[in-house]
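Q: Below is a structure I'd like to ask you about.
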Amino acid sequence: MLICIPDVLSKDEVAEFRRIMDAAEWEDGRSTAGAQSAMVKRNEQLPPDGEAARMLGQRIITALTRNPRFLSAAVPLQIFPPLFNRYTASRGDHFGIHVDNAVRGDPLTGLRIRTDLSMTLFLAEPDTYDGGELVIEDTYGSHEVKLPAGHAVLYPSSSLHMVTPVTRGARVASFFWMQSMIRDAHVRSMIFDLDTAIQSLTERLGRDDPDAVKLTGIYHNLIRQWAEV
């Protein structure tokens with residue numbers, strides 16, 4: 001399940017993020033990579049324990065908790081503190097094919113999560129850089145993702161993925177992981193489809209429609225059956 005989530009941040013918020021990030025110090029992005037990923041990773045990253053990363057990351061989490069599409073798709077239990085990276089053409093930055101670590105731990109908070117879902121939030125407009133596509137592989141093939149600034153993509157952390165070399169400009173983004181209340185990706189996808197159908201039905205017929213009420217009850221009972229909290 002690969003889901004695009006538009007307008008997580010407004011254009012004004014993106015501009016503010018970029019001002020703060022441009023004024024911050026950056027470090028080698030391999031500092032947060034696993035052993036295998038570090039061999040194919042070349043980019044820069046805001047220090048995860050730095051004030052800028054922590055403050056901006058919390059703002060992203062706050063925005064996501066107000067986003068109905070995200071909540072419906074992810075059914076999040078825990079969200080890992082967002083990280084921030086930059087790929088520049090002058091360095092030949094890229095990130096080769098890899099899979100994310102199954103478990104992530106935050107040394108500052110002690111939080112440990114199972115990485116069910118990964119998210120990339122784009123913070124540079126696609127016409128400001130060449131290359132830098134996020135390529136995600138699944139059972140249906142390869143998908144290239146390059147979204148407007150402020151938009152995000154959500155995908156299973158079990159997916160092989162890569163960032164192609166940046167050949168002009170700079171690709172700036174936030175990336176992070178989350179543990180879902182619904183461990184099984186297939187079940188989570190069906191829950192999302194059901195919720196989407198319920199929302200469409202209630203828009204047409206109203207929330208008091210008997211079928212909409214019944215389906216909403218089924219949705220919550222399925223969450224009750226499958227959720228791990």
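Backbone N, Cα and C atoms are what each Cβ position is placed from, and that goes for glycine too.
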Q: Can you tell which of H151, H161, H186 Swiss-Prot lists as binding Fe cation with H98, D100?
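A: Swiss-Prot lists H98, D100 binding Fe cation, and from H151, H161, H186 it also lists H161.
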Q: Between H161 (Fe cation binding site) and R171 (2-oxoglutarate binding site), what is the CA-CA distance rounded to a whole number of Å?
A: 16
Q: Whole-number Å only: compute the distance from the Cα of H98 (Fe cation binding site) to the Cα of R171 (2-oxoglutarate binding site).
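A: Spelling it out, the Cα of H98 (Fe cation binding site) and the Cα of R171 (2-oxoglutarate binding site) are 19 Å apart.
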Q: So what pLDDT does the domain 'Fe2OG dioxygenase' (78-180) average out to?
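A: Taking every residue in the domain 'Fe2OG dioxygenase' (78-180) and averaging pLDDT yields 97.
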